[in-house]
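Below is one structure, written out as structure tokens, with a few remarks after it.
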Amino acid sequence: MTTTLLRTADELHARVRHGRRAVVMTMGALHEGHATLIRTAREIAGAEGEVVVTVFVNPLQFGRGEDLDRYPRTLDADLKIAEAAGADVVFAPSADEVYPGGEPQVRISAGPMGERLEGAFRPGHFDGMLTVVGKLLHLTRPDVALYGQKDAQQLALIRRMARDLNFGVEIVGVPTVREDDGLALSSRNRYLAADERRTALALSQALFAGRDRHAAQEALRARAREVPATRARAEALSAIGESRAAADAHAVAKATPAGTSGPAAVRCAARLVLEEAARLQPPLVLDYLGLVDPSDFTEIPDDFTGEAVLAVAARVGTTRLIDNIPLTFGAAS
């Protein structure tokens, strides 16, 4: 199968469509994470459908002092990856094609959710992201659009935009793809020197420490519910402060203040890893660590039940990285 490169919306609209059209939006510099999105899109579209991959480095998403000029542009390599993963079309428009009158005067506002976490550190970023996603949805006219869960706040905002503005497109989130050592795949990973990459592992390690802490608490609560309300049950509950879900989380569990549980314990376990990474050379410089409700990205309270996202952003050298994992908090016993 040969992937077709298109540069204009007119070329894309002229294609005869059969079945569903699935779109994967990227800024290029494709890697295995993008390939996973494309393969998933191929499964959704089916043999009779069409998979379109957009490649567009959107200037509206980059703030002053960010890495627009050095963001990698590797279209030839991107075409090969997209073709191998099953894309029918790579749509790589110019800035003039997407913004024919220059930067748009009217933009889509991300609202309060877009001002939290990433939005607090990158003012205007989500407005620019939603504006180009909205334009690309209009230009590509898909039945379904797929986005990686690594950018959890972006995914949540796109879902909200599609719902609030009646875009009539199904939005699908695809799980984060990681290297063998846990580092989330990102186009920006190529900026990292070897020593910076070792420090960058602290992002995923912090998330895993929080996840393991949470799993240990849930396991002990489940065990305690099975024990009669006697001294044995009390001992099982009090053991939370010294238990661990895995051997490599034991030091974190020991360091967590006595009596800390629930979301507070998850935050504490993750933060301990990040604080240790801040003492490395080169150091990890934390932007934020949040344990949030994915519906609005506000911090969850200690009595929270339901789905949550543990998210982190940090800089190593000149490279800024983000990561997150989902967690589920059950009803208290």
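Heads up, the Cβ atoms here are built off N, Cα and C, so glycines get one too.
Copied over from Swiss-Prot:
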- HIS34: active site, proton donor (ACT_SITE)
- 27-34, 148-151, VAL177, 185-188: ATP binding site (BINDING)
- GLN61: beta-alanine binding site (BINDING)
- GLN61, GLN154: (R)-pantoate binding site (BINDING)
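In the three-state DSSP scheme, SER187 (ATP binding site) is classed as helix.
In the three-state DSSP scheme, GLY33 (ATP binding site) is classed as helix. Taking the C-alpha positions, the distance from VAL177 (ATP binding site) to GLN61 (beta-alanine binding site) comes to 23 Å. Note: the Cα of LEU30 (ATP binding site) and the Cα of GLN61 (beta-alanine binding site) are spaced 18 Å from each other. GLN149 (ATP binding site) falls within neither a helix nor a strand when secondary structure is assigned with DSSP, and so counts as coil. For the pair formed by MET27 (ATP binding site) and the residue listed as 'active site, proton donor', distance between Cα atoms is given as 10 Å, rounded to the nearest Å. Residue density at GLN154 ((R)-pantoate binding site): 22 other Cβ atoms are found within 10 A of its Cβ, drawing on all protein chains shown. Calculated from their C-alpha atoms, the gap between GLN154 ((R)-pantoate binding site) and SER187 (ATP binding site) amounts to 16 Å.
Counting every protein chain shown, 26 other Cβ atoms lie within 10 Å of the Cβ of HIS34 (active site, proton donor). Taking the C-alpha atom of GLN61 (beta-alanine binding site) as reference, the shortest distance to any of the recorded positions GLY33, HIS34, GLN149, SER187 belongs to SER187. Looking only at the binding-site residues MET27, LEU30, VAL177, the densest Cβ neighbourhood within 10 Å occurs at LEU30.
It is 10 Å from the Cα atom of SER187 (ATP binding site) to that of HIS34 (active site, proton donor). Its Cβ taken as reference, GLN149 (ATP binding site) is surrounded by 19 other Cβ atoms within 10 Å in the chains shown. Sequence-distant contacts (6 or more apart, same chain, Cβ under 8 Å) of GLY33 (ATP binding site) comprise GLY148, LYS150, THR176, VAL177, ALA184, LEU185, SER186.
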